[in-house]
Amino acid sequence: MTTLDMTIRAITNGEAPGDTCTPDLAKGPWEFDGVPGYGPGSSMFDVIPTGSPRQGGLPREYQDAPAEELRQRIVAAKQTLGDRLVVLGHFYQRDEVVEHADFLGDSFQLANAALTKPDAEYIVFCGVHFMAETADILARPEQKVILPNLAAGCSMADMADIDSVMAAWEELEAVYGTEPDAEGRVPIIPVTYMNSSAALKAFCGERGGIVCTSSNAKTVLEWAFERGQRVLFFPDQHLGRNTAKAMGVPTELMPMWNPRKALGGSTRQELMDAKVVLWHGFCSVHKRFTVGQIEQARAQHPGVRVIVHPECPMAVVDAADEAGSTDYIRRAVAGATEPTTFAIGTEINMVNRLAAEFPQHTIFCLDPVICPCSTMYRIHPGYLAWVLEELVAGRVVNSIEVDERVQSGARVALERMLAAKPRD
Ligand code: SF4
């Protein structure tokens, strides 16, 4: 199998057909440590907030080591650390990293996987910053959670910061007041997507709110509507809109909250009528998918089954045959009993891996341009080898530690999510 890294190098060297969104993808991620921005890939043009964690320089030996040497060093370090270590890999990670993962999954599955290894001293999370924070909140206090590259944030998560959300909440409380209605429902419930900072999860936990994932967003919204007249949903407008629309909420009752505008850019009446107030955030990976790509896939592959992630814009979800979380997409492909052509609207690493794993099907990414998630792409085997060899030497680098006060509020919101069971 040709890995995505090899494909990108071949395309940028002119040895293979295809397009990438930037030739910088062929460079090592260390070339972007210390440079403003998320690095090459889908979110390269998003604004990185000041104060976001930055990665110090990766030691030269890890930058220069050939791929096979890095692979062998990672395997050797893992063997030395044995049961003291668990390595978690997100579906969107590059193959050269995923091959070393003890568990592969989405952010929620991986948080749970960390819990199944309570004896491991070290949890090395090959994903992005908010995932490592969640693992630290759910892990035992003695366990260390390590993110191989601190610059692996998430541009969507960074679009809602605690100060902006606090300011929005104060404005909304001024509009709605705080008194419950005749049925005991409070004016508004905060709901944060898993893809958010621990501070925002704590914000929700402390205000009667909850966390959701792309797998359980409908269940969580039902939970929230039982307790509140409306919801403030952040950071991803698309997941909020797509989920609420599928539940029958009219889109005109879902105003967007732009933190740079007074009252988020809505009138007082629009906010009073609202059922879901959507934060002005999005995923730059899933924003790349378009209705035009779906039309092209249908024209070129009659009978194609189009499945997209609910972080895609509403028009794309409406034009697709199905929408669901990464776990849903995986189960849909795995469950197809007849050879099927799938056009998938999610991150390219996952799509390519599905194509390799299920050769009986034809599987391709809706977006013909190769443009992986910038921040997932920051985790390169060089960083993984470095953090593991540091652990072997008795040194913990890139540890993610959530403040204890933040942890307790965030844990409340996460536990509410775990207790909110689907009805069907
Ligand atoms: S794919 Fe989107 S939501 Fe996921 S880590 Fe990347 S930017 Fe964030």
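Along the chain as shown, residues are numbered 1 onward.
Cβ coordinates are placed from backbone N, Cα and C, and glycine is handled just like the others.
Bear in mind that TrEMBL entries carry predicted annotations, made automatically and left uncurated.
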Worksheet item: Which single residue out of CYS154, CYS204, CYS212 does TrEMBL record at the [4Fe-4S] cluster site shared with CYS283, CYS373?
Response: CYS154
Worksheet item: Within the set HIS90, TYR193, HIS309, which binding-site residues show a CB-to-ligand 1 distance under 6 A?
Response: none
Worksheet item: If you skip the near sequence neighbours and keep only those at least six away, which residues in the chain come within under 8 angstroms of CYS154 ([4Fe-4S] cluster binding site), Cβ to Cβ?
Response: VAL128, HIS129, PHE130, ASN195, THR375
Discussion item. Neighbours of the [4Fe-4S] cluster site CYS154, CYS283, CYS373: Cβ within 8 Å of the Cβ centroid, same chain, sequence order.
Written reply: SER42, SER43, TYR92, VAL128, SER155, MET156, ALA157, ASN195, SER284, VAL285, HIS286, GLU347, SER374, THR375, MET376
